[in-house]
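Student: So Swiss-Prot has the following annotated:
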TRANSMEM  5-25  transmembrane segment
TRANSMEM  38-58  transmembrane segment
TRANSMEM  72-92  transmembrane segment
TRANSMEM  101-121  transmembrane segment
TRANSMEM  137-157  transmembrane segment
TRANSMEM  175-195  transmembrane segment
TRANSMEM  214-234  transmembrane segment
TRANSMEM  259-279  transmembrane segment
TRANSMEM  289-309  transmembrane segment
TRANSMEM  323-343  transmembrane segment
Amino acid sequence: MGGSILLGIFWHFVGATSAACFYAPMKKVTNWSWETMWAIAGIFSWILLPWGISYWLLPDFGSYYSFFGSDILLPVFLFGAMWGIGNIGYGLTMRYLGMSMGIGIAIGITLIVGTLMTPIIQGRFGELLASTGGQMTLIGVVIAVVGVAVVSYAGLLKEKAIGVTAEEFNLKKGLALAVMCGIFSAGMSFAMSAATPMHEEAARLGVDPLYVALPSYVVIMGGGAIINLGFCIIRLITRPELSFKADMSVVKGLLISNILFSALGGIMWYFQFFFYAWGHANIPANYGFMSWMLHMSFYVLCGGIVGLLLHEWKDTGKKPTRVLCIGCLIIVLAANIVGLGMAN
């Protein structure tokens, strides 16, 4: 396995670790509605950081974006909005199916759709099936889905052991949302593929290869921001039990800490895709679609590891923990098989 591919896999792991941890500081937020917290975090993750970092990277911020026509910018933006819809659906999936079943179905679907649809649309799927390297990467994708399923099963065992159930369990509604969420969440993978001309132009302007994908986040995350912030604002306006004014009226010390914890969560959320860009830059161009598989499978892996480190599995018994470890090892195996396939 080449050093560049190993480095790419490593950076995807770092990004997934940030993704698995971003909600931890947001759990410290108190006496605020979820909508206010999510909106404040989103301002940092979807607007301030993408714009600020891109302004710093690009020699001429305005001329870079004006260089592209709507034929490039609109698909990138719409795929970002598509991902934003999936992001909202993810939370609703947890409500109706519970964490484990919801994550297992939604992540499994988005891993498959986001990874395989790109080569299918590009007409390259047959080429993958015909080559040894392509066959190995596809086997790795299948094994990764198995790993996600095993980790999700471990979570189901954990929930049963500690008596946790879904907030409003509804199998029919939950499955429909999980499928929708899985498909729409893959919009980020499609957006990255559609933004390839933006990456190439950034490289032409002298942006370091590790950073060439970051300017496209202004457009991608702009699409996601409109959906997510719009959702939060509409709920804050229309739901009588929610009040942005009341959230902003808490005592000064709590207000500052809530803003800081929300901002920290948003910053950590952004850095999952900051390092995604680094990982993507080290993956061979003809296997760029595998970045999504690595990110999503590592996200599940890191979520399991973080849970173990935080002793969330301490009182669940040996079986759930054992199944979790097996699932994590399967995901590690999948990543190695994909890496070997890309190097073949």
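Note that Cβ sites are derived from N, Cα and C of the backbone, with glycine treated the same way.
How about a rundown of where these features are and what they're close to?
Tutor: Sequence-distant contacts of the transmembrane segment (38-58), counting only residues of its own chain at least 6 positions beyond either end whose CB sits under 8 Å from a CB of the stretch, comprise 26, 64, 202, 205, 207, 211, 214-215, 217-218, 221-222, 224-225, 228-229, 232-233, 236, 258-259, 262-263, 265-267, 269-270, 274.
Long-range contacts of the transmembrane segment (137-157) within its own chain (CB-CB distance under 8 A, at least 6 residues past either end) are made by residues 98-101, 103-105, 107-108, 111-112, 115-116, 128-129, 287, 290, 293, 296-297, 300-301, 303-304, 316, 319-321, 323-324, 326-331, 333-338, 341-342.
Note on the transmembrane segment (175-195): residues 72, 75-76, 79-87, 89-90, 92-93, 96-97, 101-102, 105-110, 112-115, 117-118, 213, 216, 219-220, 223, 273, 280, 288-289, 291-292 of its chain, located 6 or more positions outside it, place their CB under 8 angstroms from a CB of the stretch.
Residues 35-36, 38-39, 42-43, 45-47, 50-51, 53-54, 57-58, 64-65, 73, 76-85, 87-88, 188, 191-192, 195, 198-199, 202, 207, 273-274, 277 of the same chain sit 6 or more residues outside the transmembrane segment (214-234) yet have a Cβ under 8 Å from a Cβ within it.
For the transmembrane segment (323-343), same-chain residues at least 6 beyond its ends with a Cβ under 8 Å from one of its own Cβ atoms are 1-2, 5-6, 9, 132-141, 143-144, 146-155, 157-158, 283-284, 287, 290, 293-294, 297-298, 300-301, 304-305, 307-308, 313.
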Student: Taking the transmembrane segment (259-279) as the reference, which of 5-25, 101-121, 289-309 gives the largest number of Cβ pairs under 8 angstroms?
Tutor: 5-25
Student: By Cβ distance under 8 Å, which residues at least 6 away from the ends of the transmembrane segment (101-121) in the same chain are close to it?
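Tutor: Contacts with the transmembrane segment (101-121): 86, 89-90, 93-94, 127-128, 141, 144-145, 148-149, 151-153, 155-156, 166, 174-175, 178-179, 181-183, 185-186, 188-190, 193, 288-290, 292-293, 296-297, 299-300, 303.
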